[in-house]
Amino acid sequence: MDVTRLLLATLLVFLCFFTADSHLPPEEKLRDDRSLRSNSSVNLLDFPSVSIVALNKKSKQISRKEAEKKRSSKKEASMKTVARPRTPLSAPCVATRNSCKPPAPACCDPCASCQCRFFRSACSCRVLSLNC
């Protein structure tokens, strides 16, 4: 009995390792520089060289001004957002955190929705988004 459990446990560990290993991307193992040149489909000389250029004071000032303009425009845009008007409450509705099984009317809060759990046996109105 213990031998069969040990065998099954070993088999389970092997299968877990095999599935995890099969989902990993294959690693390229190149032995030397010659195989790198022969196996490489992209020649490194095809890419242009990178040149590093120092910025002068004028270009730094211009880039700072552009960054400040972007920051101020983002602040103005965030201040311009206005909360949308809420719809008037209808009389037959379900309050937040109360039961709202499907034959019941909709939730009173426009940001709330009816969420059911346990195969639609326990349903309640819940607010999902705080920014609504």
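Placed from the backbone N, Cα and C atoms, the Cβ positions cover glycine too.
Bear in mind that the values here come from a model prediction, so they are computed numbers and not experimental data.
Look at Swiss-Prot and you will find 63-78 tagged as compositional bias 'Basic and acidic residues'. Sequence annotations record features per position, and here Swiss-Prot assigns disulfide bond to C93-C108, C100-C114, C107-C125, C111-C132, C116-C123 based on sequence analysis. Residues or ranges marked as N-linked glycosylation site by Swiss-Prot on the basis of sequence analysis: N39. Residues annotated as region 'Disordered' in Swiss-Prot: 62-85.
Local packing around the Cβ, expressed as the count of other Cβ atoms within 10 angstroms, is greatest for C125 among the disulfide-bonded residues C93, C114, C125.
Comparing local CB density within 10 A for the disulfide-bonded residues C100, C108, C123, C132, the maximum falls on C100. Of all the disulfide-bonded residues given, namely C100, C108, C111, C114, those whose Cα is no farther than the 10 Å limit from the Cα of C123 (disulfide bond) are C100, C114. Listed in sequence order, V127, L128, S129, C132 are the same-chain residues six or more apart from C111 (disulfide bond) with CB atoms under 8 A from its CB.
Summarising the environment of C116 (disulfide bond), the number of other Cβ atoms within 10 Å of its Cβ, over all protein chains shown, is 13. Annotation for C107 (disulfide bond): same-chain Cβ neighbours under 8 Å, separated by at least 6 residues, are C93, V94, A95, T96, C100, S113, C114, C125. The two recorded residues, C116 (disulfide bond) and C108 (disulfide bond), show a Cα separation of 17 Å. DSSP gives C107 (disulfide bond) a strand state.
Summarised by DSSP class, the composition of the compositional bias 'Basic and acidic residues' (63-78) is 16 helix, 0 strand, 0 coil. Reduced to three states, the DSSP call for C100 (disulfide bond) is coil.
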